[in-house]
Amino acid sequence: MVAFGKKLKERQIQEWQGYYINYKLMKKKVRQHAQQIEVGTQDRRHVLKDFSRMLDNQIEKIVLFLLEQQGLLASRIAKLNEQQEALQQQPDISEISQLREAYREVGRDLLKLLFFIEINAIGLRKILKKFDKRFGYRFTDYYVKTRANHPYSQLQQVFKHVGLGAVVGAISRNLHELQEHQGSYLSIYDQPAFPFQEPVVDSMKAAVDRLTHSTNYLNFLAQHALIMQEELPTSEGPVDDQRYHFMSLLLNLVNTFLYMVNTYIIVPTADDYSMSLGAAATVCGIVIGSMAVAQVFSSVYFSAWSNKSYFKPLVFSSIVLFIGNVMYALAYDFNSIAILLIGRLFCGLGSARAVNRRYISDCVPLKIRMQASAGFVSASALGMACGPALAGLLQANFKIYKVTFNQETSPGWLMSLAWLLYLVWLWISFREPCIETEESSAAQESTTEPVENDALEKGLKKPLLLNSEDKQETEDGDGEFDGSDGAPEESRGPATSIGSAYKLLTPSVKVQLLIYFMLKYAMEVLLSESSVVTTYYFGWSTSSVAIFLACLGLTVLPVNIVVGSYISNMFEDRQILLASEIMVCIGILLSFHIISPYTVPQYVCSGLIMFVSAEVLEGVNLSLLSRVMSSRLSRGTYNGGLLSTEAGTLARVVADGTITLAGYLGESKLLNVTLLPSLVICVASIVATCFTYNSLY
């Protein structure tokens, strides 16, 4: 990893070099103050005062230059507006074209200014974090509390850009009016939905969104995939379009969709299938969970394989899943529970989600990576909903040459056909991208996992600031060896094993992985035992169970729309996180069978509360996790995405195992026995969240 100070210097606009935050000087000052305190020549209070004054001066330098440049841009726009007024009287096509290009030039200069602000904001956050680490004192909290709303402080000017927003609006409006519709008598305000394609405007809006940390549904959904941009912004787009192939991306997303369908299509019928083979209904926990057991291992080798190829792992995945589904379907005619379980294990061994995520990270251009990431999450959600729905439709019962097709075996036959067709499509249409060598990839910043670049902006809303203050010291050292800041640059490569990756996890990240484990455990218990519980208490048919599960799955995208577009803009992530955990806990409590009779409204309402709350919790938790994960976990085989996948997969394995073990106590006790561990883990996650409340943001 390249040192932050070096990256900061390389990405500065040369003519503005003297107006950037002097990161090198301030880093040197931090070391000097640390040495002074060690030898006793300075007390802590004097150090805080001196460093605060230096920060104030640096921020004031940035803000004064910002205001000066903003005024120059406004003056240029005013002059261009005068030319535009004159052209309205005597239109001239060539002059209109020149005027539009002049507005674009102002827009490009504004982009430079937005880039200037963003890079200074990141440098400011970095130096505050470094000070906290060296002195063991939450100076950041003190500094933001005292400067956030003080009338003499310039801190807010770095993060609130009302003036710049007005400049963006002026450029956008004038470019729109100068578009090729000069003969129209309608104002642009009479057609608010009229599409306006202008790259400069799109880039400006994206830059403002990053600075103001505005949240929208697409961005919120994309963060679930843990595929984000690098820490420092670039003023020029990356040259990675040659690796992008739309059909290959589509095939990648189809693989994601089909795998999720494959996972959940057997849930409504797994208990009936188990009983038809002479096992107990609760063995459905092992049947469903065996796929997750295999996925624990497949995630690792697929992640490693994706370092060298994307096409071959996807082909292998399709073949293994085809074989697994055929074995699952044939188990009925062989009357063998062993073949059934081996078939599901094969399905788990074909899990290529690590490849799906890695392909988006490495081969999709930055300008559409957010949309591709959102597509990855949407494909997973739709697959989760479609799986049970398809199971409810497969009610046929016939034989062809002693091969049985019924509601238990049809999911296996349907998915084997789907994977066979997908394999043919993949072989014909997928284009293997050029794989980078280790030398070339080492020079680039990976975008598999985001690094926190927006905590300070959020911290200004509340005195609770950094989302990663408690990261490991190696993460804070900027990759430079200065005798005090951690490891040299050579030792800051990607993790080489699960163990080394785990060591990079800070307490706050571990808590968030615990939350992820908890919500996946609770959801798996609810989904996997639904057919057994509803049959025992309510006598539901396979179709009824399928409809219930499909309805739960269909809530995923609407819930994310509401949270991403509205709730996350009204409340802080930490508030939504804790509230969602409490709601999951309430849903679990309401699900217990304490008062007889156990009714359908109680089960459905409590299950809906639990599932929807878990979905909200998953979105917010992954959004936070994507910002606090160590940058050393952003690339390589053992990356942050793999760790989160393993945490969720292990949760499913444990949950399905719990269902099977609880089955030995009888179906009458299954519900309460399986809900009890969910409640304990949920309460533990709430307590852990409260103890690390300051660090989870």
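Cβ atoms are placed via backbone N, Cα and C, with glycine included.
According to TrEMBL, the protein carries these features:
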{"type": "DOMAIN", "residues": "2-145", "note": "domain 'SPX'"}
{"type": "TRANSMEM", "residues": "249-267", "note": "transmembrane segment"}
{"type": "TRANSMEM", "residues": "279-302", "note": "transmembrane segment"}
{"type": "TRANSMEM", "residues": "314-331", "note": "transmembrane segment"}
{"type": "TRANSMEM", "residues": "337-355", "note": "transmembrane segment"}
{"type": "TRANSMEM", "residues": "376-398", "note": "transmembrane segment"}
{"type": "TRANSMEM", "residues": "410-428", "note": "transmembrane segment"}
{"type": "REGION", "residues": "467-494", "note": "region 'Disordered'"}
{"type": "COMPBIAS", "residues": "472-483", "note": "compositional bias 'Acidic residues'"}
{"type": "TRANSMEM", "residues": "513-539", "note": "transmembrane segment"}
{"type": "TRANSMEM", "residues": "545-564", "note": "transmembrane segment"}
{"type": "TRANSMEM", "residues": "576-595", "note": "transmembrane segment"}
{"type": "TRANSMEM", "residues": "601-625", "note": "transmembrane segment"}
{"type": "TRANSMEM", "residues": "670-694", "note": "transmembrane segment"}
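For the transmembrane segment (545-564), the most Cβ-contacting stretch among 249-267, 376-398, 410-428, 670-694 is 376-398 (pairs under 8 Å). The average pLDDT computed for the domain 'SPX' (2-145) is 79. For the transmembrane segment (376-398), the partner stretch with the most Cβ pairs below 8 Å, chosen from 279-302, 337-355, 410-428, 513-539, 576-595, is 410-428. Ranked by number of Cβ pairs under 8 Å to the transmembrane segment (279-302), the listed stretches 337-355, 410-428, 513-539, 576-595, 601-625 are led by 337-355. Sequence-distant neighbours of the transmembrane segment (513-539) (same chain, 6+ residues past either end, Cβ-Cβ under 8 Å): 264, 267-272, 281-282, 284-285, 288-289, 505, 545, 548-549, 552, 577, 581, 584, 587-588, 591, 593, 598, 600, 603, 607, 610-611, 614, 617-618, 621-622, 625, 643-644, 647-648, 650-652, 654-656, 658-659, 663, 667-668, 670-671, 674-675, 677-678, 681-682, 684-685, 688-689. The residues of the domain 'SPX' (2-145), classed with DSSP into helix (H, G, I), strand (E, B) and coil, number 126 helix, 0 strand, 18 coil.
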